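Swiss-Prot has this to say about the protein:
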type: COMPBIAS; residues: 504-513; note: compositional bias 'Acidic residues'
type: CARBOHYD; residues: ASN82; note: N-linked glycosylation site
type: CARBOHYD; residues: ASN86; note: N-linked glycosylation site
type: CARBOHYD; residues: ASN292; note: N-linked glycosylation site
type: REGION; residues: 475-513; note: region 'Disordered'
type: TOPO_DOM; residues: 1-39; note: topological domain 'Cytoplasmic'
type: TOPO_DOM; residues: 61-98; note: topological domain 'Lumenal, vesicle'
type: TOPO_DOM; residues: 120-125; note: topological domain 'Cytoplasmic'
type: TOPO_DOM; residues: 147-156; note: topological domain 'Lumenal, vesicle'
type: TOPO_DOM; residues: 175-186; note: topological domain 'Cytoplasmic'
type: TOPO_DOM; residues: 208-215; note: topological domain 'Lumenal, vesicle'
type: TOPO_DOM; residues: 237-257; note: topological domain 'Cytoplasmic'
type: TOPO_DOM; residues: 279-296; note: topological domain 'Lumenal, vesicle'
type: TOPO_DOM; residues: 318-327; note: topological domain 'Cytoplasmic'
type: TOPO_DOM; residues: 349-353; note: topological domain 'Lumenal, vesicle'
type: TOPO_DOM; residues: 375-390; note: topological domain 'Cytoplasmic'
type: TOPO_DOM; residues: 412-418; note: topological domain 'Lumenal, vesicle'
type: TOPO_DOM; residues: 440-513; note: topological domain 'Cytoplasmic'
type: TRANSMEM; residues: 40-60; note: transmembrane segment
type: TRANSMEM; residues: 99-119; note: transmembrane segment
type: TRANSMEM; residues: 126-146; note: transmembrane segment
type: TRANSMEM; residues: 157-174; note: transmembrane segment
type: TRANSMEM; residues: 187-207; note: transmembrane segment
type: TRANSMEM; residues: 216-236; note: transmembrane segment
type: TRANSMEM; residues: 258-278; note: transmembrane segment
type: TRANSMEM; residues: 297-317; note: transmembrane segment
type: TRANSMEM; residues: 328-348; note: transmembrane segment
type: TRANSMEM; residues: 354-374; note: transmembrane segment
type: TRANSMEM; residues: 391-411; note: transmembrane segment
type: TRANSMEM; residues: 419-439; note: transmembrane segment
Amino acid sequence: MATEESGGLAQTAAVKLSEMGERTKQLGNAIQDPERQRRIILVIVCVALLLDNMLYMVIVPIVPDYLAHLESESEQAHVKGNSSINITQNENFDLQIGVLFASKAILQLLVNPLTGTFIDRVGYDIPLLIGLSIMFVSTCIFAFAENYATLFMARSLQGLGSAFADTSGIAMIADKYAEESERSRALGIALAFISFGSLAAPPFGGVLYEFAGKRFPFIALACVCLADGILCLTVLKPFSSRTRENMPVGTPIYKLMIDPYIAVVAGALTTCNIPLAFLEPTIANWMEETMNASQWQIGITWLPAFFPHILGVYLTVKLAAKYPHLQWFYGALGMVIIGASSCIVPACKNFEQLIIPLCGVCFGIALVDTALLPTLAFLVDVRHVSVYGSVYAIADISYCVAYALGPIVAGKIVHDLGFVQLNLGMGLANVLYAPALLLLRNVSLMKPSHSERNMLLEEGATGLYDTIRMEERQRKKHGYSSSGNCVPIDENGTFAGQSKSFSEEETSEPEYI
């Protein structure tokens, strides 16, 4: 009897394992479906961007109060009864907070040119996994840090992780969604996650810090980051057999930087984000001084702006699908809205009035970002090689310039010139830059480059000479010609016996730029 029962249990277990194996196989096949895989990749990238921006902003209500608590005892003993020293200590503390907040963007700004080139060489999946791993470590350090130096290290490490994860994630979306309307929609979804992470993180961090302590918000984010990394490792399989050698060589980042169209887009991305980057560290003190705002009002200042940001993304995606040739106009309109809203901010007398221009700023940023990020990919497609790591590293650099300067420079400007002058200057800069986007008005009419390299790699051979040329390139490293007769070729890829060689410029079709 016991033998029969054990045999039945073994048979049942075998059936269960077989069913589980079959389901796992079906799941694997479903994941390998190209359309499903694109959606999963979009989810992975969006979660990575959400985490990065939540970690960027979640420290706003936590770190200043936590550092003040750590330093209060030593400062109390040192400055008791000495107001001049107390003022100096407060100024130094504000500077420390500003440098801590800016350190992430500064390191990200410095590393991005290198990560862009690295992404172009190895692909998008490995850098994304590297970025998620670094962000996980950074978040754990934040959770257990107990002094300024450790917090500074964690913040800087986050910048390194962001340089990998943000750039590779956006570039991967541009690569997977090659059709313009799909690309615009996918990048719009990514921007919505970025916005939600930035605007929802301060109240998320503030509430959890108040009721669960400093560690819990960071541990929660670290768990989500770990899950996203495991999903990336499972779905993308970044360390499986590589095929990068079959892909085109990306355009060097310095060449992309001097492209006038890409430079105009990069300048617009920097300029439109300056109001947000400069207002975030300064608006709380201004609200306390001018409208006696309560702490809960300061905490949710930017939360209502999430909804117009989503509206701006949605409208731009819909309009771009219907009128793709007006992308430059959507960006210019967004910059004008940002400029007007920035100028209105100092005129607000209460919290309810302030919500309106802040919503205008975020609505305008949504228009600019959603219109111009797909434009960068299109410019690379038609003017360079369709590899997107370096061009989105330039976009990330543009954002980092604004957010590196904001926490350090904004407070100094307010102190020396005033809050009104800061907002008028930011508004004027956006309005004056908007006409520069007229340079992009004919971008939609550009034709893809038909240089020899693009033609051979992307379109295949179109004639006898092109066929021979392509075969020569494929066998060049072996030292043989395409005919298989072991005829040596020289270092330029031409037959050694030829008296005349041709350069790429002489043999390629003209580029339409």
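Using N, Cα and C of the backbone, Cβ positions are placed for all residues, glycine too.
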Chain residues outside the topological domain 'Cytoplasmic' (175-186) and at least six past its termini with a C-beta under 8 angstroms from it: 38, 41-42, 124, 316-317, 320-321, 324, 370, 374, 377-378, 386, 388
Cβ contacts the transmembrane segment (354-374)/the transmembrane segment (99-119), at least three under 8 Å, sequence gap 6 or more: no
Considering the transmembrane segment (99-119), which listed stretch of 40-60, 157-174, 297-317 counts the most C-beta pairs under 8 Å: 157-174
Spatial neighbours of ASN292 (N-linked glycosylation site) that are distant in sequence (at least 6 apart) but have CB under 8 A: none
Selection from 40-60, 157-174, 297-317, 328-348, 391-411, the stretch that has most Cβ pairs under 8 A to the transmembrane segment (216-236): 40-60
ASN292 (N-linked glycosylation site) in three-state DSSP notation: coil
Among the ranges 40-60, 157-174, 328-348, 391-411, 419-439, the one whose Cβ pairs under 8 Å to the transmembrane segment (187-207) are most numerous: 40-60
Region pair the transmembrane segment (391-411) / the transmembrane segment (157-174), three or more CB pairs under 8 Å: yes
